[in-house]
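Record features (TrEMBL):
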type	residues	note
TRANSMEM	A:29-50	transmembrane segment
TRANSMEM	A:56-79	transmembrane segment
TRANSMEM	A:91-112	transmembrane segment
TRANSMEM	A:156-182	transmembrane segment
DOMAIN	A:156-377	domain 'ABC transmembrane type-1'
TRANSMEM	A:203-225	transmembrane segment
TRANSMEM	A:237-254	transmembrane segment
TRANSMEM	A:286-307	transmembrane segment
TRANSMEM	A:313-339	transmembrane segment
TRANSMEM	A:360-385	transmembrane segment
Amino acid sequence: MSQSTTNLTAGPPAQKTGSNSLTAGLMPGWTWIVVAGAALVLGAAITVVLSDQFAVVGWVVLSGLLYIVGMYLITLVLETRRRATDMLWKNLVWTAFFIALVPLISVIWTVVANGLPTLISNPGILTDDMSNVVGADDQATAAGEAPLMGGILHGLIGTLTITLMAMVFSVPVGLLASIYLVEYGTDNWFSKAIRFFVDVMTGIPSIVAGLFAFSGMTLFVSTFISDSPAALQSVKMGLTASIALSVLMIPVVVRSTEEMLRVVPNELREASYALGVRKWRTITKVVLPTAMSGIASGVTLAIARVAGETAPILVTAGYAVSVNWNVFSGWVTALPVYIYRQLINPTAPAAPDPAAARAWAAALILILIVMGLNLLARVIAHYFAPQKSGR
Amino acid sequence: MNSTRTAPERPRGLTVKNGAAGDKVFSGLTLAAGVTILVVLAFVAIFLTIESLPALSPSLFSDQDSIDSADSFWDYVWPLMAGTVMASAIAILLATPVAIGIGLYISHYAPRRIATPVGYVIDLLAAIPSVVYGAWGMTFLAPLLVPIYQWLNTYLGWIPLFAEAEGASVTSTGRTLLTASIVLAVMVLPIATSLCREIFLQTPKLHQEAAQALGATRWEMIKMTVFPFARAGIVSAVMLALGRALGETMAVTMVLSPGVFSLSLITSGRNGTIPAEIALNFPEAFGMRQAELIAAGLMLFIITLLVNMTARWIVSRHKEFSGAN
């Protein structure tokens, strides 16, 4: 511990400053490079000895381990135990970062590498649906005798209509409910209950939301229309899926809008009241416009979240092969469901490759849509934020 | 604001009455929206219960003596519940240390120029749809893990988790519960990370500076100021991530090749989870089978509800003392 008393500041070791009292007892700044080099060489040697061949994954993992252990031991010898522990945890935190990067990069790379070639060679996939594609077509494609048939248009249209419909349900309810929470029922028991149950709703598994919409619609149809098998069959439609998505979307909208309304300064409301403006006019003309950029970005994020949902649509909307603009009747396919079905039940079970190619292209498009919506939300929040006065 | 008080010489157009109806209508609308949310949640519980009654008690609510898939509903659902909990628990075990690590990385270790974009990228990754993770796990990750599973079985096979299941051999496709858990871990990582990061960033600056002024190294500072402050927040972040993992459907549906419950994590055709069971069978189900699946969904709803409410309870209990909120 003798050194640590001379180094009260535990900051990074200074570079070469000769033998001044601040850097006494610290190891030189280039130590880590030496250790890293040694770890890489040793790691390569051990990999080759153990497995008779050079494996990149094993090499990287082994070298990382050797580096962490090596740095710990060297710091322990050259500096103090406390600094060695600090070094160990610093390296472990960096390792956590790299460990997390690997699968995430791998996911993106897999989608782009599998989806982009199909999209480039078959741009028609965006404007075609699956209504004329049968197993024989895919077998011909797999054998190299025909171009890739079919497309994802019906999936795009399905996602668009279902998501829009979900928006129609959940945005007004979410907005008004959060206005109630912030402006009317500030801290009464009812607003506390709403806040609690909105939190509960955030945790509803998406497939349970799907089951809810399905059971609700089944009960509605069998009670008010008819309980014949044909009527029960008609329960599966875009509208049912939209209800399921609304259940997932409302809590997100409420939470983000509530936060945005809360940060609107009270002075604005009071100024408006002082001019004799009514409360509802104050809310619609003063509070909402001030918070509008934040609300819009929150709603966009909520849309992005539900646009990628698969499970609730899978159990509520059936599976169609052609474009269906009508949310109120007939089966609909959304893009995520299309991906799932093409991968799990290929059009031609004997030749799944063309189906997989379409699925990966659809996955790429879906990621682009969802990420695009996320970026859009950031842009809205950033550029349409109310101007700050120069106070 | 008071409609009974009228000023003697109020100019036309500014009468107090003007817009009074608007006030009433608007506040009524907002109240109605609040009520709608509560009603919807109540309906979720009621509808699921009504539709699952035939499976919960076949003799009372249907014309059958028992459900289709097993002797009783509990016989049918317990292996699925066990599988769901097992998969999620492993995912959380894998994801928590990494999530705390990245949270610390962003809040305390990374240079500021890197920290902001990393946090931003993590948020974007939370937006990748689950079906994409499922496709990745199924086609890319599962085959990659086969040699590792065989290695685990050879050297650690004495642990029941890495033994072969009865009447089957170690997977040759990699589509096992452990693969599903790994995919789940990757999926909950962004949400757990961003929650942890938020909490770490809220640690009072003065505490941290005081620790460093006393000569603490960075790790000692984190151990003494950040972790005690963030403990409740970390627990609730983990619980929320667990809630996500429990209800996650597509990744498990696509990765796992399901079967009966087994402790073996590395055998294909074993284990299953409730969401995957529903997603696989619901589109073709009708009658009693449908009721069974909805009842299984009800069980899932209850489990996630308990987990999430525990998380919220922890947060509210520690609200005043920590950055959990």
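Glycine residues also receive a Cβ, built from the backbone N, Cα and C atoms like all the rest.
Where the annotation comes from TrEMBL, it is an automatic prediction and has not been curated.
Remember, predicted model here, so these are calculated numbers, not experimental data.
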Chain residues outside the transmembrane segment (A:313-339) and at least six past its termini with a C-beta under 8 angstroms from it: 129-131, 133, 152-159, 161-162, 165, 207, 210-211, 213-214, 217, 234, 236-245, 359, 362-363, 365-366, 369
Cβ contacts under 8 Å made by the transmembrane segment (A:237-254) with residues that lie 6+ beyond its boundaries: 158, 161-163, 165-171, 173-175, 177-178, 181, 198-199, 201-202, 204, 206, 209-210, 212-214, 216-217, 298-299, 301-303, 305-306, 309, 312-313, 316-318, 324, 326-332, 334
Positions whose Cβ lies under 8 angstroms from the transmembrane segment (A:56-79), at least six residues beyond its ends: 3, 25-27, 31-32, 35-36, 38-40, 42-44, 46-47, 50, 87-88, 91-92, 95, 98
Stretch among A:91-112, A:156-182, A:360-385 sharing the most Cβ pairs under 8 Å with the transmembrane segment (A:286-307): A:360-385
Other parts of the chain folded back onto the transmembrane segment (A:156-182), taken as Cβ under 8 Å at six or more residues beyond its ends: 126, 191, 194-195, 198, 238-239, 241-243, 245-246, 249-255, 257-258, 261-262, 283, 295, 299, 302-303, 306-307, 313, 317, 320, 323-325, 327, 332-338, 365, 369
